[in-house]
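S.K.: Just passing along the structure, written as structure tokens.
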Amino acid sequence: MDSPASGGPERSTGHGLLRVLTCGSVDDGKSTLIGRLLHDAGLVPDDQLEQVRRDSRGRVEQDGEIDFSLLVDGLEAEREQGITIDLAYRFFATSRRSFIVADAPGHEQYTRNMATGASAASLALLLVDARKGLLTQTRRHSVICSLMGIRHIVLAVNKMDLAGFGEAVFDAILRDYRAFAAPLGFTTVTAIPLSARAGDNVVHRSARMPWYGGPTLLEHLEAVEPGEGDRAAAPLRFLVEWVARPAASDTDFRGLSGSVLSGRVAAGDRVTVWPAGTPARVARIVTLEGEPEEARAGDAVTLVLEEAVDAARGDLLSGAGAGAGDAPEVADQFAAHLLWMGEEPMIPGRSYLLRSGARWMPATVTALRHVLNVETLEHGAAATLGLNAVGLCNLSTAAPLAFDAYAANRDTGSFILVDRFTSRTVGAGMIRHPLRRAANLHRQELAVSAAERAGIKRQRPAVLWFTGLPGAGKSTVANRVERRLHALGHHTMLLDGDNVRLGLNRDLGFTDADRVENIRRAGEVARLMTEAGLIVLCAFIAPFRAEREMVRALFAEGSFMEIFVDTPLAECQRRDPKGLYAKARAGSLRNVTGIDSPYEPPQAPELRLDTLAEDADRLADRVVEALRVRGIAGA
Amino acid sequence: MPHPPPPLPEDLRLLEAEAVSILRETAAAFRKPVLLYSIGKDSGVLLHLARRAFHPGPLPFPLLHIDTGWKFREMIAFRDETVRRLGVELIVHRNEEGAARGIDPVRSGSALHTRVMKTEALRQALDRHGFDAAIGGARRDEEKSRAKERIFSIRSPGHGWNPRDQRPEPWRLYNTRLQPGETVRVFPLSNWTELDVWRYVAARRLPVVPLYFAAERPVVRRSGTLIMVDDERLPLDPGEVPERLRVRFRTLGCYPLTGAIPSGAATVEEIIAEMRASRSSERQGRLIDGDEPAAMERKKREGYF
């Protein structure tokens, strides 16, 4: 095949677009295979081939041979190290089909990049080295492909030239793989023996493996039916991405611009806007090129509704048919598989930002039900999820979310989690099902309101959150503040970290995960006490910013004060009122904040107290003065 | 009643919808986006997709053209005509300090010219106007380091790109949150190929700069490249006489740095046919890519688009 395969307009009459992921262990030859595929199909331009031919010198044994991996490994570090670090996307078209190939890295440390590629793929090309058989990464990648919803696997048994082109070798690997993958629910597993380096069975049929009667890799990729193409037959899901504002000439115009994620919608259809559940009817469909009667999965259009309903970016429209299956789930608690992508572990109870569709909202993992062993598929127990780990979790969101199970709809069943402080993407989630308790628990309206309870005490409830290292002086200052408030006639309560740990939180230890839960419970107790009308003083180390922000979010603006008792570590160690630092130094105590456990100082506390500059009484006066200024105490 | 749109081929329909969705996301998620308009075919497609994304409303962001002062005259005429025809807001920025220092593509060389008049100019313009998201028409099929780039590509304060520390983009869930000083480059055409762009231009009947179509033009041959003599600023070597050849351009940039190809393709359909038979890549005529190994990746790390 010497002329480039064509990719003209006629290709739409072929098999459409196929999104392929290549994965497998490092050094199994993924980049080489893609390079070889492009080359043998005549899709590499001459000038690029010439460049690669030049770059290949010294990298391959035979002069004049080409290192095909150089066609796809583009980053300097990748070429230096001869590995793939990040996903590369390759595009090509033959006369039968166009392809987007995501070439994924094989190293375990880049599993998140592999998962990213899997999230959009319909078919995975899984490479196995014929000499090595199934490796840990072969299994890990298979499990992630299965979780991500890929239903078609091509098991590319590579380097057959180095395994004597033996049929028995190939059969044994295929047998092993079928046994391993049986529980993963793939629709098809097609195995092809090939040599990426030498080009056997990639585009051209190999004469060296006459025992193989199946298709070449390219033939199979051109012919395979992903069997998921009919998203248009699924229930309607229309994601609102933008509310089109009135144009100057048409001030009444209000359109919901978005994407048809699945199903179809036509002018005149009755729809429901989620999560509110508002019914409406589609008046017309608007595009720059005109007004089509109908839009189907994959279209980006603007819907104009007959009614002036309240619909905003992030809302989801479904059909309003009689079938209950037409409506998405709406809940603020659900179970999901979570692939962790963060360097810092996932900690249940910590607040993250969740993105689903076009909506952002705070969310926490309320329980880590199990961690999946991606080699054996066994479920294990764990307190946290580390980098590249997969777990089944319960999540809770700050507002109800409209979604579907991931198995039913990848777009409406997926989400990402983002760290609130670094803005990094730390998790990728696939929703399994809503938690029934979310639907069955409703906040009970109380007969006496928080404002009434506070009113009878003639005060404004508030939380004073003292944070700082052990021995900084939090409890000392908090005690003196409470004395003064009491003397002024205020109703108060002091929650001290140690006291709470002796009672309510006696089941918790000092791991990061337990510290987060400790603070979560303390925050909830403080909230109940402010609803009772009290001024609550909390003296907790609360080492992580994320948790202090989580507690802050429980309270109305202005009723939560973060008070940073700022004492240098050396001074705290000198004071050491409870002997913690001495024990830590002696090695008899672990997880001591400031020693072998981190402390993240507040960045913008309402008040900062310098215990080196002033004594505890002066500092207590300062706190009371700050409360007076805010109208909380001593009015 | 307007006519319904002509049906697009299935793969283009999906690429169009993806790009439209990305453009809406950009407008909604960032404080002050801008669309980088470089006048070429990709920019033209991008501009059409942006109008499509927000129709019937106006574009929620302006266009920005980084003018090196060395663009083909026909490009500038096409730019001004486009802005007039569509009634969109255009900001033109030139690195005046660079121009005053006499930086030009002929005497300063392509590397210095590109760094000062394109990379630095872009950074100046983004900083001056406080743009936090710059939308561009770059595609992953153009160059190997671009094949690795995210659709929403975070730039550190100072506009640097760290290819080893990119945010994963599973599904279509883009993480658009920025840290102080960070900005983002957005590439809605990431998954398009050169051929897709031309097929789309054909399907939607989009106007493009006439330089893409074959015509007789005055050119000189320099180290294997055909350079068009667009104005009197191109110094001719002693004895060098421009010849008139039937040529066209696959990409458009600064005219002394952009090689023409001999071609008879005078319509979009003929261009598509020619491209299917072509054996060379799109950027082969772009002198700046060959400055050094991994030239594009290094330029991008410095803040080049």
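Cβ from N, Cα, C; glycine included.
Just lifted these from TrEMBL, have a look:
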type: DOMAIN; residues: A:15-230; note: domain 'Tr-type G'
type: BINDING; residues: A:24-31, A:103-107, A:158-161; note: GTP binding site
type: BINDING; residues: A:GLY468, A:LEU469, A:PRO470, A:GLY471, A:ALA472, A:GLY473, A:LYS474, A:SER475; note: ATP binding site
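I'd like to know what surrounds each of these features in this structure.
M.R.: Across the domain 'Tr-type G' (A:15-230), the model assigns an average pLDDT of 85.
Neighbour density for A:MET160 (GTP binding site): within 10 A of its CB lie 27 other CB atoms from the protein chains shown.
A:ALA472 (ATP binding site) falls within neither a helix nor a strand when secondary structure is assigned with DSSP, and so counts as coil. Around A:ALA472 (ATP binding site), the same-chain residues at least 6 positions away in sequence with a Cβ under 8 Å from its Cβ are A:VAL565, A:ASP566, A:THR567, A:CYS572, A:THR611.
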S.K.: List the other residues in this chain whose Cβ sits within 8 Å of the Cβ centroid of the ATP site residues A:GLY468, A:LEU469, A:PRO470, A:GLY471, A:ALA472, A:GLY473, A:LYS474, A:SER475, in sequence order.
M.R.: A:ILE541, A:VAL565, A:THR567, A:CYS572
S.K.: I want to check the contact list for A:LYS474 (ATP binding site): same chain, sequence separation of six or more, C-beta distance under 8 angstroms. What comes out?
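M.R.: Sequence-distant Cβ neighbours: A:PHE466, A:THR467, A:GLY468, A:GLY497, A:ALA539, A:PHE540, A:ILE541, A:VAL565.
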S.K.: Can you tell which of the binding-site residues (A:LYS30, A:HIS107) has the fewest other C-beta atoms within 10 angstroms of its C-beta?
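M.R.: Among the binding-site residues A:LYS30, A:HIS107, the sparsest Cβ neighbourhood within 10 Å belongs to A:HIS107.
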S.K.: Between the Cα atoms of A:ASP27 (GTP binding site) and A:GLY473 (ATP binding site), what distance do you get, rounded to the nearest Å?
M.R.: 57
S.K.: Who sits close to A:SER475 (ATP binding site): which same-chain residues at least 6 apart have their Cβ under 8 Å from its Cβ?
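M.R.: Counting only residues 6 or more apart in sequence, the Cβ neighbours of A:SER475 (ATP binding site) under 8 Å are A:PHE466, A:ASP496, A:ASP498, A:ALA539.
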S.K.: Work through the binding-site residues one by one (A:LEU469, A:PRO470, A:GLY471, A:GLY473) and name whichever has its CA nearest to the CA of A:ALA104 (GTP binding site).
M.R.: A:LEU469
S.K.: Which of the three DSSP states, helix, strand or coil, fits A:ALA104 (GTP binding site)?
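M.R.: Going by the DSSP assignment, A:ALA104 (GTP binding site) belongs to neither helix nor strand, so it counts as coil.
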S.K.: Among the binding-site residues listed here (A:GLY24, A:PRO470), identify the one with the smallest other-Cβ count within 10 Å.
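M.R.: Looking at the binding-site residues A:GLY24, A:PRO470, the Cβ with the fewest others within 10 Å is that of A:PRO470.
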S.K.: Please identify, from the binding-site residues A:GLY468, A:GLY471, the residue with the sparsest Cβ neighbourhood, meaning fewest other Cβ atoms within 10 angstroms.
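M.R.: Fewest other Cβ atoms within 10 Å, among the binding-site residues A:GLY468, A:GLY471, is found for A:GLY471.
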